[in-house]
Structures are given as C-alpha cells and as structure tokens.
Amino acid sequence: MSCKSLFFSHTSTKFRNSNRKLFINPCCPKKMLCVERKFASASTAAETLSTSNKNLEDLKLSSSESVLGRHIPSSQDVEDDLEIHKLLRENRQRIVIPQIDEECFDSFNSQPEVVANNGTGCPVYVMLPLDTVWVVERDGVRISVLKRERSLDIALHTLKQAGVEGVMVDVWWGVVERAGPKQYDLSAYKRLFYKIAAAGLKVQAVMSFHAAGGNVGDTCKIPLPKWILDIGESNPDIYYTDKQGYRNKECLSLGCDNITLFWGRTPIQMYGDLVNAFTDKFQHIFGTVITEITIGMGPAGELRYPSYPEGDGRWRFPGVGEFQCYDKYMLEDLKQAANAAGHPEWGLGGPHDAGHYNSSSWETGFFTSQGGSWSSAYGHFFLSWYSGMLLRHADQVLTAVDSVLHKCDRPKIFSAQHRLSQCHSIFEFQPACKLGVKLAGVHWWFKSRAHAAELSAGYYNTRDRNGYLPFMAMLKRHDATLSFTCVEMRDCEHPPEGRCSPQALLQQVIESAEMYGVPLAGENALQRYDDYAFDRIAESAFAKSARAGRLIQVTFLRMGDLMFDNWDAFSRFLKRMKGR
C-alpha cells in the first residue's frame, strides 16, 4: 500500500462519522449546496450569445502584443468566432453560457468523484489549442491571457452539448514560470478552468515541461522559460545532444536531472515545485473539475528521447532517428556504467554504426536484422542503459510529484478497505487527482527485428523482447494512467518500406498494460475525421475481443477550425463512443 494514505479505524461507524473530514479537505454539504445554487442562479441569468461578431474587437490580441513565438493574425480571432457561430446557426442550437464569478469558483469544494468506465461507453476528451493561454505585453508588463475568449466560451459549451467528457489543457512551463525561478503565474489558467467548469466539462491538465513549435501539428512557438535558456547559453549540455553535437532546446536532458544547475535547484526539484504551486492554487477543484495531471516527461510531453526531430528538418519519416546521449552528463553516466560492466571501451558514446536520422534500418550496421550489433553483448548493454535512464527519469519525476499530491493537506478519495478483524479495518486513500504519463506510438520499423525507431526513442523493444513491460511496472508503482498515441492508425495506410505496424504496436501496449493493471487511455496522433480513423479508435476503445483489453478514455486531437469543419462526422463519432 505504498504511495497511498492510510487511516486506521476501530469501527465502520467511526469511519462514516469522520469520513468527510478525512479525505475531503474541507467538505461542507451546506456550502456545496450553496455553491450549486450559485451556479444554477448564474446559469438562469445568463444571456444567450448572439451569432454576430459584435464586441469581438476588444477580445483580440494585436500583433504588437504577442511576445511568445509566432503570433496568429488577429483576423483569425474573428474567423474562428464566425466559424463556430455558423455551426450553431446550421444546427439551430442556442448555447447559454453561465456567468460564474471567481469568488464562487474559489470556494467550489465538492467531494471528488471517481470516474469509472461502466462498460456502456468510452469518455472522450478534446485537446484545446496549444496557445489557449498566451503571454502579451501591455503597458510594459507581460501578462498571461486567454486568446479568443468568446470563441472559447461557445466552443466549450458546444463540446459539452455534443457529449464530450472534458478537455486537455497544456500548462506551459514557459508561460507559468517565465518571470523567474519560483515566480508562478497561473492567473489565466484560473480563468480558463472556471470557464471549463461553467461548461460542465472536466480537465486533464498536462504539465508541459517542454517547448512548443517543434512537433507535428504545433501551431505556435512557446519556448522554455528565458532564465532556463540563459543558463543553456553558458552550459549547453543541459539539452539533449546528438552525435553531431546538435543541441535540442525542446526540453532538458535527463542527464542533469539531479544536478543543481538552476538557481540552487535540480530539474527534478523544479518539476515538483511547479506541480506544488499548481496544486496549491487548484486543489479545491481536484477530483471534480481537474481529474488528471499528466506529467510531461520529454519532447511533446511524451516519455521518450527527441530522436526524431521533424520540426527543424533533421528527420523525415520513416528514418530510424538518432541516439540522444552526447551531452556531458549522459556521457559521464554512460562511462560509469561501462566501467561497472567491466568494459570501459563501451562508455565512449553511442553506437558508431547506427546511421543517421534518415537512414533505413537495413542500411546500418547496428539495426540491420541479420547480424546487427543491437543483438550483441555491447548492444544489450547500451540499449539497457539508454532505456534504463528514461525509466529512472520517469520514476524520479513521478516520485517528486507523488510527494506533492500525497501531502496530508491534499484532497484524497477513498480507495479501498482492508478488514483486519470484525471490529478493525484499515481504510486506504489516494489523491483526488490521477497521475498520467504519455508514451509515444513509434510504429515505424516495428515489423523489423530490431525495431530501430523505438530503440533510438528509448524503448528497448525488439521482436524478441517486450520493452514496454518495465514501463508498465514503473507506472503501476505510481498508480499512474498511461496515454498512448496512434490509436487511429492502420497498418495499410503506411508505405511498406517503413515496416510500420501501429496496430500491432498498440496491441502489444494494451496487453502489456493489462498484465500490470495499468489504466490505458488513447490519443490520435494525427487529426483525422474519416470513417477509417473513427472505426479504428472505436475498435481499440471497445475491445472487440476479450484478449484485447480496452481503453478507459480517448483524448482527441484537437479543438479548432478543422474539427468544426467536420462537426457532423465528429458528432457521430461522439455518439458512437457513448454507446448510442
């Protein structure tokens, strides 16, 4: 019963009488009733929004205000609103948006609920745009704001009306802690969360400790905090590095996880501190509005190495990618591991014959199926170390976050009762907010023996070795939910030369998660609205065979123009996922 809170009680009556004081912190039924009435009253008094674009000008961000990366032209704000209003007119729908004041939201303190898949449907979440929260400069002061608020209000209520369970929100490190170490700005996220609560939706909050702009589908650029980048100028080894010496500034290298380089803190401490600040601010809505905190572990928020950086042009599908172990901190760890193994010559760097980013598997000496050094003693040593570093990184980050969520003053929910005797029981509690981790669906070269692309990404998975089992064991220890991408893909949609098999990869991950009892959620890697993609998602979610397992929820990429352009198809998909 590690990683859980325990309460010892002599009788079940005593437990019932003290139940709320124990794990709802605080919980007052009368206060809850009052809050519910405030919500109802606000909803009754709300105005029905006009279908015109009146008063949109004051909501737009001028080009002079943008300070984070590439700015979307202000005319886009009007176009987004008109597109959503057009959708509502066509469907003859009237969306009523309740006006919830922040004081009411701050006092919202209901009992956390446990959402379970009851077998009749699969909950669907929708990712919000990456730049929903933005930073602008007004009167010489940089502040965080919500972009296109009127459009956002209408879109959230439209999603709820269509049957969406909740939304996924990126909580950007480069936005929240931009001003300096431990200077956290969560004001725009507070406003966003009460808008989501007003719509009756739940939140998956992603702690995005990476930069935006370098991955497929990224529509904006949000860098790491400037004070982090300043440290990187004098010490570029804080970033992942390839064998050519190229530094990837999308996220910090796990090699420096435990090194005090950042104003007296290690990266592990910085990640834990931000989650602690987030929890202090929003714990009153944990389990009710915010139901999951997904911890970003690498590029695109996924637990992997940045081995296939498409955003800067170095990599193209279906290249094998490159190992990212050439910063001085990872090289030092590799050297120590090689010395401990009795082969100091193995600690000089990664494999010399692993090709380059865009190599095919058979073109390399390391990954080739017949006689490749991936299957040699050296190959096993290096791949075990490389993947083991990724596992250690995840374990340490989750341990830091666990310590935040398991503090005695944090909201808890009842998890289990262990009866010791007729009069004695132990009651087990868990944090009101679930933990989540993302793994990438690296499906190219899956049909080869070596699984080259997975190996360079940090997953030591080959035809003869299930490399996902160690990840499942680690996630199980932390009671974390796994989100896995590429649930919409079919093998036949990919070129044969890439030896792709997203279907077989997903099946392996589903079975591995089921072996350890790890809850598995799915995400689509590409934004698609065709019947083939929807069929594939539904097949994964509802488990056509008993052997297949099932997904506890699906998160759909992404709310925006393309979704509303294909609204009829998406609405049908939502009804299907609800079992209707």
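The first residue you see is number 1, and the count goes up from there.
Backbone N, Cα and C define each Cβ position, glycine as well.
Please treat TrEMBL annotations as automatic predictions, because they have not gone through curation.
Keep in mind that this is a model prediction, so the values were computed, not measured.
A sphere of 10 angstroms centred on the C-beta of N524 (substrate binding site) encloses 22 other C-beta atoms. Per TrEMBL, substrate binding site is recorded for D170, H210, D218, K438, H443, T485, N524, A525, R558.
As annotated by TrEMBL, active site, proton donor applies to E302. A 10 Å cutoff on Cβ-Cβ distances gives E302 (active site, proton donor) a total of 24 other Cβ atoms nearby, all chains included. Secondary structure at E302 (active site, proton donor), as computed by DSSP, is coil.
Of all Cβ atoms in the protein chains displayed, 24 besides its own lie within 10 Å of the Cβ of E523 (active site, proton acceptor). The feature active site, proton acceptor is assigned by TrEMBL to E523.
D218 (substrate binding site) sits 14 Å from E302 (active site, proton donor), taking the Cα positions as reference. The binding-site residues in question are H443, R558, and the one with the fewest Cβ neighbours inside 10 Å is R558. Separation of the C-alpha atoms of R558 (substrate binding site) and E523 (active site, proton acceptor): 10 Å, rounded to the nearest whole number. Counting neighbouring Cβ atoms within 10 Å of each of the binding-site residues (D170, D218), the lowest count belongs to D218.
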